[in-house]
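Participant: I have a structure I would like to understand better, so I am pasting it below and will then ask my questions one at a time.
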Amino acid sequence: MGLFDRIRQGLKKTSQVLNTDVRDLFKSEGRLIDEDFLDDLRAILFKTDMGYDPTEELVAEVAKNMRGRVVHMTDVIDVLKTKLKELMAQDESPITYAASGPTVIMVCGVNGAGKTTSIAKLACMFKGQGKSVVLGAGDTFRAAAVEQLGIWADRLGVECVKGPEGSHPATVAYQAVEYALNNNIEVCIVDTAGRLQTQKNLMSELTKIRDSIRKQIPEAPHEALLVLDATTGQNGISQANNFAEAAGCTGIVLAKLDGTAKGGVVVAIRQQIGLPVKYIGFGEQHEDLVLFNPDKFVDEMFDEELGG
Ligand SMILES: Nc1nc2c(ncn2[C@@H]2O[C@H](COP(=O)(O)OP(=O)(O)O)[C@@H](O)[C@H]2O)c(=O)[nH]1
Ligand SMILES: [Mg+2]
C-alpha cells in the first residue's frame, strides 16, 4: 500500500461515521434540510467526539445555508468540509531544527499514549530524510520500556543510549545529548515515562530532564512533544492543556487515529489546546506517521471512495 492508501485505511473508522453516515442521510438525489435532517446530522457529528460547540457550529452552518431547501449530498458535504477545515485551521508544523548542532526532542505524555511508538516513527522519518538519529531511553521506570525502545532502535538501525538499571531519566537524557554532540548526530529523541499532570513529583522530573539537556545545549530541547491517544477522545483532551503547559510542550503528536471513530477529536484539540498538531499516527508500524495538514485531513476523511 502507498502512503495515501495507508492513511486512508488508518482514518477509516472516523470516515465511516462522518462520511458514510452523512452520505447515508441522502436516500435519493436530494433531501429537504429540515429539523429531522439537522438532528440526524448533529448525532453523526457528535459521535466523532469533536465536542458540543464545534458540532453545533457545523449544524448551524448547514442550517444557515440550506434550511428549507432540497439539496444534494455533495453540497452539504462541501459545507461541512469548509467549516471543519476552518475549525482545525493551522499551518503545517514540522519539527523546528537547531540552527546548528543536534536537534533535541523530548517526548512526553500519559502511560500508553503511544510515546515510544511515535519516537520510532519520528526516527524512521528522520532517517528517511537522511538525518542521523540517536534515541535516549529516558523511561527508566520500567525495564520493558528501555527494551522496547532498544528493539525499535535495532530495527531502524539507529543508536539508543540506555543508562544502567535504576538510572535517573535526567542522567540518561544527558548521556543521549552528549552522545549526539560527540558523534555529530543530527537528531536526539528522548523518551520519558508516562505520567499524569496531577503527579507533581513526576511533572517536576520533566523539568529536571529539561535542565539536564540544557546543561549541554542551552536552547534545547528544541521540541517537547506531547503525545495524545486519539482513542481517549474528549476525555484525554481536557487534561492535555494543563499537561502541555506544565511540561512546556511545543506541539502535539496525535497517535492511534486508526483505532477510533473519534477522529473529530482533532477539532477539539485545535479548539482547546494552544499548540499545533505536528504529526498524526495511524498505525503500529514505523511508517504510520504523517505531518498534520488540516485540509488534507478533512479531504481524506470525506474521500468519495470511502463513502457509502
Ligand atoms: N493502532 C495503533 N496503535 C498504536 C499507535 N501508536 C501506538 N500504538 C500502540 O499503543 C500501545 C502503547 O504504545 P507505546 O508507544 O508503548 O506507548 P507509551 O507508553 O506512551 O510509550 C502499543 O501497543 C502500540 O503498538 C497508533 O498510531 N495506532
Ligand atoms: Mg513508552
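Heads up, the Cβ atoms here are built off N, Cα and C, so glycines get one too.
Those TrEMBL annotations? Automatic predictions, nothing curated.
Here the structure is a predicted model, which means the values were calculated and not measured.
For Gly109, Val110, Asn111, Gly112, Ala113, Gly114, Lys115, Thr116, Asp191, Thr192, Ala193, Gly194, Arg195, the entry in TrEMBL reads GTP binding site. The annotation domain 'SRP54-type proteins GTP-binding' is assigned in TrEMBL to 276-289.
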Participant: Greatest CA-CA distance (Å) over the residues Gly109, Val110, Asn111, Gly112, Ala113, Gly114, Lys115, Thr116, Asp191, Thr192, Ala193, Gly194, Arg195 that the record ties to GTP?
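Facilitator: 14 Å is the greatest Cα spacing among the residues binding GTP.
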Participant: Please spell out the DSSP helix, strand and coil residue counts for the domain 'SRP54-type proteins GTP-binding' (276-289).
Facilitator: 0 helix, 6 strand, 8 coil
Participant: If you skip the near sequence neighbours and keep only those at least six away, which residues in the chain come within under 8 angstroms of Gly109 (GTP binding site), Cβ to Cβ?
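Facilitator: Same-chain residues close to Gly109 (GTP binding site) (Cβ under 8 Å, separated by 6 or more) are Lys115, Gly194, Leu226, Val227, Leu228, Asp229, Phe243.
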Participant: Under 6 Å from ligand 2 by Cβ, which binding-site residues from Gly109, Ala113, Lys115, Ala193, Arg195?
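Facilitator: Listed by sequence, the hits are Lys115.
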Participant: Would you report the average pLDDT that the model assigns to the domain 'SRP54-type proteins GTP-binding' (276-289)?
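Facilitator: In the predicted model, the domain 'SRP54-type proteins GTP-binding' (276-289) has a mean pLDDT of 96.
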Participant: So which of the binding-site residues Asp191, Ala193, Arg195 sit close to ligand 1, that is, with a CB under 6 Å from an atom of it?
Facilitator: none
Participant: Return the count of C-beta atoms lying within 10 angstroms of the C-beta of Ala113 (GTP binding site), excluding that atom itself.
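Facilitator: There are 25 of them.
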Participant: Residues with Cβ closer than 8 Å to the Cβ of Arg195 (GTP binding site), same chain and 6+ apart in sequence?
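Facilitator: Correct list: Cys108, Val110, Asn111, Leu202, Met203, Glu205, Leu206.
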